[in-house]
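Over in TrEMBL, the protein carries these features:
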type	residues	note
DOMAIN	1-58	domain 'TECR-like N-terminal'
TRANSMEM	63-85	transmembrane segment
DOMAIN	133-286	domain '3-oxo-5-alpha-steroid 4-dehydrogenase C-terminal'
TRANSMEM	144-162	transmembrane segment
TRANSMEM	174-193	transmembrane segment
TRANSMEM	213-228	transmembrane segment
TRANSMEM	234-254	transmembrane segment
Amino acid sequence: VESNATIREIRLMFHRSYPQWYPARQSIRLDPKGKSLRDEEILQHLPVGTTATLYFKDLGPQIGWTTVFLIEYTGPLFIYFLFYFRMPFVYGLDERFTSSPHPVVNLACICHSFHYIKRLIETIFVHRFSHGTMPLRNIVKNCLYYWGFAAWLAYYINHPLYTPPSYGKKQINIAVIMFLLCEAGNFSIHVALSDLRRDGSRTRKIPYPTKNPFTWLFFFVSCPNYTYEVGTWISFTIMTQCVPVGLFTLLCFIQMTIWAKDKHYTYLREFKDYPSLRMSIIPFLL
């Protein structure tokens, strides 16, 4: 192997020798328990001498992230409609195909559908993934999470005994405005992150605010897309005043905080000039 070979080139060479392990399935490391080396890393820039021992780990069957997101987000979109249209096998024959007397139920369906349609559009036209695949076994866990919660939320929001929010239209209108602002912000951040890799590079770069006011949250947090996502579900919780939605929002916040902290510390580790004012997900706090 030439000293200027990249890890990607080494993966391809390994694949030619062992066709059953395609590049996305390979983890190449300097240490058996160390982190996987990135495709763009060059052999001579690694902490090795004139000879190097690289360790291979089989990551198992992989599936593309685009496919993963399409599967994860299509499920909740259609599952919700089963409850919204009150199919006979959900609430019983007496309630089949009846509409809810509360306008907020219709509004909740529109907002929920809009959220996942937006995600599908982003997956196809906006997102650029630094890692092309994920382990196939994870798709079952992810689908159980998204699909299961979608069914749980929809069951209670569309239930014949559902009661509308305590403060009526005022509470609903505030929640809808908050929901739309957070959705616009989330989309704006995804576009800004995608623009960083417009040239096709997978090299990590520091994201900065653009002329779009929704991206100005980059002044204060490393992962404003997660901040807006949590805001979306908080507003949906206020709109529906439904306990299962609140529990889902709490779990979203916990998981996204973990992801945001991990990305934040990666930025700090890789960039010495990283903005010191930024937090992970909540400005000035977390």
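Yeah, the Cβs are placed from backbone N, Cα and C, and that goes for glycine too.
Just so you know, TrEMBL annotations are computer predictions that nobody has curated.
Keep in mind it's a predicted model, so treat the numbers as computed, not measured.
Comparing 63-85, 144-162, 174-193, 213-228 for CB pairs under 8 angstroms to the transmembrane segment (234-254), the maximum falls on 144-162.
Contact count against the transmembrane segment (213-228) (Cβ pairs under 8 Å) is highest for 174-193, out of 63-85, 144-162, 174-193. According to DSSP, the domain 'TECR-like N-terminal' (1-58) comprises 17 helix, 10 strand, 31 coil. Counting residues 6+ beyond its ends, the transmembrane segment (63-85) has Cβ neighbours under 8 Å at 97, 105, 109, 112-113, 116-117, 119-120, 123-124, 127, 129, 131-136, 138-139, 142-143, 146-147, 149-151, 153-155, 157-158 in the same chain.
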